[in-house]
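Annotated features in TrEMBL:
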type	residues	note
COMPBIAS	262-271	compositional bias 'Basic and acidic residues'
DOMAIN	57-133	domain 'Methyltransferase type 11'
DOMAIN	203-277	domain '18S rRNA (guanine(1575)-N(7))-methyltransferase Bud23 C-terminal'
REGION	255-280	region 'Disordered'
Amino acid sequence: RMAGRRPEHRGPPELFYDEAEARKYTQNSRVVEIQSQMSERAVELLGLPEDRPCLLLDVGCGSGLSGDYISEEGHYWIGMDISPAMLDVAVEREVEGDLLLADVGHGIPFRPGMFDGCISISAVQWLCNADKKSHSPPKRLYRFFSTLYTALARGSRAVLQLYPENSEQLELITAQAMRAGFTGGMVVDYPNSAKAKKFFLCLFVGTSGVLPKGLGTECANEELHQAKFTNERTRFRNVKGKSVKKSRDWILEKKERRRRQGKEVRADTKYTGRKRRPHF
């Protein structure tokens, strides 16, 4: 999975990110740019104090691209990742953070209250995959969130950018976070853009903060600050004024376009675009 693109494959990340893939990922200028932008946004959402350096946990740190931004901002960090190849690249790049090879589904192995915050870029959705027979996504997510809650200082935040595959996956992740004691919710940047839309699970430890507003929502409906999913297609014309796919209007427009192109098209009748009866 490349940053900025939803994961299309299945399988454990430690196998997907072999040595060649880890290098390709880290040397891709577009990936570096997107990772840097998302890291900047995640750190911004942490709301860290400006008068002192903080110690942050980077979950799924990979080759240290997000860690680079944390270091630039004058903070210290420890990164965890399940892929040895990715961490090898991080060591080669001489990143400033400390690195730990670990599966976060087994928990966060640090003493209570150690971190002033946690970020994670494009990693948490991996915990929804059952890569082994013994894996239970709800249990692994709960183990991750409950131990993360303990490792964070009271009053701090965790900001986890993720690519949910569907509404059920997002609900599962959020439910386990709340069960572990976190408060907060989803911040959605650019909710009306297919490409720029980003999900940040913003979690509070010990105190309920005000959920930050998503970028690109100033002119939009207030509801768009929260994640809102539907599996149904809208039944009316979309924002750009085009007819909904497969509707009668859409079919007539398509036929007209084809006629203008000089193609042979069946004549329009009262049956055009009408749904067939179900077969028994």
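Glycine is no exception: its Cβ is also placed from the backbone N, Cα and C atoms.
A TrEMBL annotation is a machine prediction, not a hand-curated record.
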>> For a three-state summary based on DSSP, what are the helix, strand and coil counts in the compositional bias 'Basic and acidic residues' (262-271)?
In response: 0 helix, 0 strand, 10 coil
> When the domain 'Methyltransferase type 11' (57-133) is classified with DSSP, how many of its residues are helical, how many are strand and how many are coil?
Replying inline: 25 helix, 20 strand, 32 coil
